[in-house]
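Right, one structure below, let's go through it.
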Amino acid sequence: MLIKFADDTKLGGIANTLEDRNKIQNDLHKLENWAETNKIKFNRDKCKVLTRFLTYPFTKLSLFQLKRTALHFAVAGNHISAVDFLLNHKARVDIADKHGLTVIHLAAWSGNLDIMLMLVKAGADQKAKNQEGKNVLHFAAQSNSVKIVDYLIQDLQLKDLNKPEEKGKKPFLLAAEKGHIEMINNLIFLNLFTLEKDKEGNTALHLASKNGHSEVVEILLNHWEEINELNQNGETPFFLAVEGGHEKCAELLLEAGSDINILSKRQQTPLHLAADLGNVELVEILLKADCDLKIVDKQRKTALAAASRSNHALIVDMIIKAERYYTFQQVRNRFSGYFVLSFKQDHSVQTKQMRSSLWNLAYNQLKPQEWKKLALFWKFTDQQIKAIEEQWTGKKSYKEHGHRMLLIWLHGILLAHQNPIKHLYENLMCTGFQQLAGENHCSENSVDTDSKKCVVS
């Protein structure tokens, strides 16, 4: 309601002298009469609060945090009738609040074209800037006020407003940062698209990727030239998408040809970052894209070591699966045929019985250190074994370590379209576990290894 606006404004905030205070009180009476004439409910109790407030000493009146006028609040609240009333009573349109905001900035932010027209007609400075160097075009772009932008550019021909603010962001970058699809398309149509960077070296693509605005990223990629540009921290748009955990943005940038192995100034690859954060989905995306698993960061740590250090057991196992998959693929070219590649934890029905057998082997049959004997036979590296052992939960941790190692082994066997029952039996025999081999030997039909039905994880 209008009176709420009057209450929130604390009109005494614009009073500098006793004469001004009396004028405000007179205006308040006029406002009450105007409200009654227009059949608008007027809360006199709140008016009394304002009246009592106006009896405070003038030193109190100058302490309002925002230092806004009644017109500021009317414009910000989209109260057209109140704006009209105040403008007809000669309210000033050039007063800036403590942040340098004038009423025309607030009109651009709120997106009310009618109020914008009223303020321009009243003589508001169309090129005014706030303390951050933002003008009306910046505010309109940032708040997705498409009609305001069209009015400023097409009707008022104010293209010279298309300048960077204090942080180096043009309106196009602000719209991308906020993810405003309609505004981005409109600015492109108005030829206000830009590849320029802000003062931190971020392009519009960096900002959209960082904030997870996948639809904006998709639009920008149709107009982009160099998607692997670095900001001042040595980060590409793809790196920022990974850092923010934005899977869709990462997938779009990957499809567009982003370099997944590029190093930031911290000597991290996107995989280092995703592994350190424990983001399973992004690690999966990167592993399936065949990222370089051997790159080390400033601490000489691979992504596997980073995941192990951060105690992300699932990520550790995924990376080991990928290392083994790509190693055997290169050496033997043993993986062929149709399969859905995944490095995530396996929950498929097809492998349930086999996984149950491996759990029993690890938790009830293998003794401490025996799982390592199998791991070395299956060509697990020392680094991989160390990474598995890093997750310590007590004296019986070896059971969990062995179970994880067996599931990683199963992943590779299934990718090679081999029978895990047969291989487990033969390998247990070869490594001196004849009794365990006999106990675990069962029908080959107990697990479905049909490559056309098996989702490998």
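Glycine too: its Cβ is placed from the backbone N, Cα and C atoms.
As recorded in TrEMBL:
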REPEAT    66-98  repeat 'ANK'
REPEAT    99-131  repeat 'ANK'
REPEAT    132-154  repeat 'ANK'
REPEAT    200-232  repeat 'ANK'
REPEAT    233-265  repeat 'ANK'
REPEAT    266-298  repeat 'ANK'
DOMAIN    370-409  domain 'Death'
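Here the repeat 'ANK' (99-131) has long-range neighbours at 66, 68-69, 71-72, 75-76, 78, 80, 83-84, 87, 93, 137, 139-140, 142-145, 147-148, 151-152, 156, 158, 160-161, 165-166, meaning same-chain residues at least 6 beyond its ends whose C-beta is under 8 angstroms from one of its own. Here the repeat 'ANK' (132-154) is broken down by DSSP into helix, strand and coil counts: 16 helix, 0 strand, 7 coil. Counting residues of the domain 'Death' (370-409) by DSSP class, helix then strand then coil, yields 29 helix, 0 strand, 11 coil. Counting residue by residue with DSSP, the repeat 'ANK' (66-98) contains 16 helix, 0 strand, 17 coil.
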